[in-house]
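Listed features, source TrEMBL:
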- 6-26: transmembrane segment (TRANSMEM)
- 38-59: transmembrane segment (TRANSMEM)
- 129-150: transmembrane segment (TRANSMEM)
- 170-190: transmembrane segment (TRANSMEM)
- 240-264: transmembrane segment (TRANSMEM)
- 276-299: transmembrane segment (TRANSMEM)
- 356-374: transmembrane segment (TRANSMEM)
Amino acid sequence: MLACRNIYETLRFLFFVSKIFGLAPLRFDLSSSRPDRFAILWSIFVLCLTIAFVIYVTSLEVLVQYSVIVEIVETVEEFLENLISITMILLMILNRNKIVNVTKNLSQFDNRIRNVSILPRLRTSNRKIFRFTVAAITMIFFSVALKHIIIFSFVEEKGPNSFLYNARSAISFFVYSLVLVQFCALTLVLKQKFETLNYHLLSIDFEIKHNAHKLNSRKLKFVSQLHYHLTNTSFTLNKIFSIPVLLTTLLQLVILVTALFFLIESLFINGDTAAVGLICQNSADVAFYFILSSTLIFVSSRTMEEARKSAIILHVIMTRSLSEETQLSAVNFSLQLMHHCVRFTVSNLFVIDESLIHSVLATVCAYLVIVIQFELGDKKINHK
């Protein structure tokens, strides 16, 4: 049977990279209840090292001639990057037991599914999730490398201060991107479990349709218990990554506004089409952060949609001719689905679904207009 070892094999590349940054202070040997002291100490060391590096880089003086509004936006962006890189490592240390519980619950689900015909479907899904994590982390490495190659190729002043500032930005970028990839990967594993559960429900519906008198109400109760088990796991997962997703969403909004502003200023306001490096860098930032946000929204919405499919299949089952005991089990399962809905939210402020794309675009456009107006007004005042 599939067990926790298979979950580790599915996510081993993700957690191997995350442990380097102190973001995965957990062990997959669930037979032992002893804490993984080395992983926790390593995470604390990385946290202290990050704080010291941020304090050192912040004390450096980098002379950059920008307008007031651009300096304000850059300061907010740097502050958020530093805050997020420190907060992410701290939260992963504090949420170690919760992450272990999520992994344990997912492995327990695999152990409780005894239908051998489902196992090939799970193995196929595990391979897809492994490919997703490898592709996501590869894209992060490629994006950081491309961005800094562009910076060092076109920036005239190349000093130690500039290198340290770019190194701090790269580390922060890695940290919050890896946390988002962790959330997406675990959410995909959860989606896989809901797919397995829905497949089991469809097999029950098939049995009712052809051999209703042989159906045992215990099967529906069993599926109901598994669904409740997965729903609680989704609540725990959402609670762990709620604040990290909130912080990264704020940072993405700021960076999207900043990158689009620099693009518009270079191409339309100043007409400086010769700033090829700045245009390429900001274009890459806009493309990557849009892809990152879209991936987060797509994975969360598809998992919620897969969880809602159970209610649709159950209501089809309830239209069949059922015994009194089976009908009672179906009604109880229906009430459970109504009161325990799977929703991924950001600190209960908004739901992570397709509507978030419209909210992000509307917010970015609104603040972009404000920033451009202030910039144009500042240029007129300086000109006079």
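Backbone N, Cα and C define each Cβ position, glycine as well.
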Considering the transmembrane segment (276-299), which listed stretch of 6-26, 38-59, 129-150, 170-190, 240-264 counts the most C-beta pairs under 8 Å: 240-264
Cβ-Cβ under 8 Å with the transmembrane segment (240-264): same-chain residues at least 6 beyond its ends: 70, 73-74, 76-77, 80-81, 83-84, 87-88, 91, 95, 98-99, 102, 176, 179-180, 182-183, 278-279, 282-283, 285-286, 289-290, 292-293, 296, 345-347, 349, 352, 360, 363-364, 367-368, 371-372, 375
Long-range Cβ neighbours of the transmembrane segment (6-26) (under 8 Å; 6 or more residues past either end): 36, 39-40, 42-47, 88-89, 92-93, 96, 99-100, 103, 106-107, 110, 122, 126, 129-130, 133-134, 137, 171, 174-175, 178-179, 181-182, 185-186, 189
